[in-house]
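K.L.:
Got a structure here, written out as structure tokens. Questions coming.
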Amino acid sequence: QVLDIFGMISQIRLVASLPWAFPGWVGQGKNWPYDLPDITASYVVSWILGTKQYHDLDIDYVGIWNEKNFDSKYIKLRRHTLDKGGLEKVRIIASDNLWQPITYSVLVDGELAEALDVIGAHYPGTTSVMEARKTQKKLWSSEDYSTFNDEVGGGCWACILNQNYVNGLMTATISWNLVASYYEDLPFGRDGLMSAEEPWTVNYVVESPIWTTAHTTQFRQPGWTYLQTVGHLANGGSYVTLTDSKENLTVVIETMTHDHSVCVRPPLLPFNVTPQNVTFQLNGSFVSIVTVIACLLMIKRLLCLSKRVSFIGLDQGITGMAVEEKGDPGRHVFTLRQVVTQMPVTWAADAEQTISVIGDYTWQNLTVSCDVFMDTVKTGGVFIAARVDKGGGSVRNGSHKVTNDLVGETVLVEGHSGTRAYGWHTLSLTVEGECATGLLNVYHLWKNTVVLGPKNGWAAIGTHSFELAQFDNFAVEAKS
């Protein structure tokens, strides 16, 4: 993505997609998409066609399955299915995990090598392997960063943007994730290039990594290429050079200190940076270049200058500024329905139940209420929750259960509720201090049950499984 930070206008230049999960029907009851590869490949092709039909979005690259074992036969089938669907221009990335064993497979399997266009690794630590370079395929860091987006996170991004190519010849670096649109206290809080923790308020914050990104993306265009004249500076830092093969040249220099560029995964090895003078001499076809753009990513300073060829020793910078744009929150109405009705084929050991959290992680004493409607007979179940960290209470068809863990193993209270499917019920949960009280249709299900933890957290609603359910009149009253 190329960002015009001065006008804050984004222009998508290339779209890469990667399945993290598949609909449950793809796996036909199994948490594995390769047993029925024709169905899986057809689903991916249909998804790509749908993005064009309904969103006018062209998918340029598509991965296989996030950080899971790849299947060579399936990759070949995916290529065939894409071509058959008129998607010859869509390129394939694999394996979105480690450099091996995909690299070895490409070297020994010519048909696989022909089907595959990019070898992508996740969190490569700025290095690739010799075998990957031998394949002569494009090398990408197809998932990277995962770091809190303060100034240190911006420094991490600056280092890996440069050094993924300097050390590993990776020509693309994809940030996980682009926009941190979830609560900061959830896992991987603010691990995005920018933040929009409450998107319904039309609020977003341009964080430090966006300004760092601009030092590469503002001064090149699609079609530009890296030159071989890249490397490390003598006293720390790195530089890369890019050209459009015409009369334009961009140099991106970073001299981040270790403590100002710490990455979450993998952590960068210790290194030192000391003040230094750097001279770049243009030779060959670049002697006649009239304009050079130098982008300097310094310790806590960002600088870009456009000058004539003869400049040496850039040492003055401007501080990167975080711009905050806010809209009027106004009134926002939510329509809440459980729309995913079958456990998907997941890449991780996800919970079997669904949950949606909202509110303030610091909430301690609060009342959560909601009208609920169960669409599934006997096995259906819904819950509301307070202090969501590891806690919640649930009500199922004909029974109720109070737990302080989301998987329902630590049962505090349980019993019959008389609830049935196809009828609206009102649930209410109050937590004050170490006591919890629950009501069903204004009648007590339990009262003042001792709950030792957690001490604070969000409000939430969810379902026992992935069955159909409806929610209405959701309300939270937080007390001081």
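For all residues, glycine too, the Cβ spot is worked out from N, Cα and C.
For 12-218, the entry in TrEMBL reads domain 'Glycosyl hydrolase family 59 catalytic'. Per TrEMBL, active site, proton donor/acceptor is recorded for GLU67. The feature active site, nucleophile is assigned by TrEMBL to GLU143. The domain 'Glycosyl hydrolase family 59 central' annotation in TrEMBL covers 226-290. If you look up TrEMBL, you'll see 327-478 marked as domain 'Glycosyl hydrolase family 59 C-terminal lectin'.
Can you tell me where each of these features sits in this structure?
P.N.:
Packing around GLU143 (active site, nucleophile) is summarised by its Cβ count: 22 other Cβ atoms lie within 10 angstroms of its Cβ, all protein chains included.
When pLDDT is averaged over the domain 'Glycosyl hydrolase family 59 central' (226-290), the result is 88.
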K.L.:
Looking at Cβ-Cβ distances, which residues of the chain lie under 8 angstroms from GLU67 (active site, proton donor/acceptor) while being 6 or more apart from it?
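P.N.:
Counting only residues 6 or more apart in sequence, the Cβ neighbours of GLU67 (active site, proton donor/acceptor) under 8 Å are ASP96, ASN97, HIS122, GLU143, TRP347.
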